Amino acid sequence: MGKLSGLRHLFMTLFLHNFASFMVIPAITDVTMAALCPGRDECSLAIYISGFQQAIIGLGSFVMMPLVGNLSDKYGRKALLTVPITLTIFPLAILAYSRTRSFFYAYYILKILTAMFCEGSVHCLSLAYVADNVPEGRRASAFGILSGIGSCAFVCGTLSTRFLSTASTFQVSTAMAMLSAVYMRVFLPDSIINDNLSTPIISEGKSDDVANQNEEPGKKMQVFKTMLSMEDMLALLKSSNLADVGLHASLLYYLKARFHFNKDQFADLMVITGVAGTISQLLLMPILAPALGEERLLSVGLFFSSAHMIFYSIAWSFWVPYAAAMFSLFYVFSQPCIRSIVSKQIGPCEQLCSCPKERHFISPVSVLCASGLPR
């Protein structure tokens, strides 16, 4: 447990950031509907612009993740974590101030611009931070704990929304986002990597020596040459879990139109999902991963993920979504297993970005974070 205890500041940073991000999810549907279609439970415009937002953010993230990976290799994980954690504050602050139509559109545009860099990059950089500091044989458990921390933040954030007004929800979220940025800058050390795990990242006191070793005279890291080609993008999009992403993008609007759910019902539903996922990832995953292996757990997770989507699509009564939410006890296995499998297939210095000593230019882990897989 020594290696895992050394990640406590990363876990706290991720918890605070996810708490701020997740607690607004139950409220944003009502805010969008009130701004665009006041007094109505059905609004095609809200669904269309939300879908457009998700598509642009997804494509932007898909392009940015390999670039983020390369920049973190050059400047360090902590420096790159600072950017998305800080940028997350500004869209939340807009809705904390006002939720009228004009402020909503300002939030909408700023959210698209910032989320193209922020969406998934915090979690992706956190995964690489864990991979830097945890031996290969224990990564599945570590990734499961990291996902469990996210689930804990999901539960706490959505549960707090249940007892707050809409205005207070965005104000508290903004304050927590600011706290996460301050905590990360003060307490989180940059990756201190075991030589047996990967090549060192530039660190304080040794940056000049490392730079001289890694950069030949007259040659600099070609960050922008590592971007994915169009052919790579199309191939990855075809193999991505777009169905799951599409479900999450439209689910809340479907439940509001079908069963007249509001912020409180959304929060209740998400708390059930989060509690089940947290129990699974923090208690079951560390036990089952070494015993059964990632491949078998991945099969179990994918099966229940499919069943989860099917039950939502045929929901005939208001209690069916609550029952389907319990499937998160098992479908949360899929993401930590996929990440562990990918992490073991690549070299130590490729966990997030390219290795300057070798000719590897595409980061499988960073692409995985941006290829349609939910964070």
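Just so it is clear, glycine is given a Cβ too, placed from its N, Cα and C backbone atoms.
The domain 'Major facilitator superfamily (MFS) profile' feature in TrEMBL is assigned to 1-192. What TrEMBL lists as transmembrane segment is 45-67, 79-98, 104-130, 142-164, 266-289, 309-333.
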Beyond the flanks of the transmembrane segment (309-333) by 6 or more, those residues with Cβ under 8 Å of it: 147, 151, 243-244, 247, 251, 254-255, 258-259, 261, 268-270, 272-274, 276-277, 279-281, 284-285, 288, 297-298, 300-303
For the transmembrane segment (266-289), distant same-chain residues with Cβ under 8 A (at least six beyond the ends): 22, 25-26, 29, 140-141, 144-145, 147-148, 151-152, 154-155, 158-159, 161-162, 252, 255, 297, 321-322, 325-330, 332-333, 336-337, 340
Tertiary contacts of the transmembrane segment (142-164) (same chain, 6+ residues out, Cβ under 8 Å): 3-4, 7, 11, 14-27, 123, 126-127, 130, 134, 172-173, 263-264, 266-268, 270-271, 273-275, 277-278, 280-282, 285-286, 289, 332, 335-336, 339-340, 343, 375
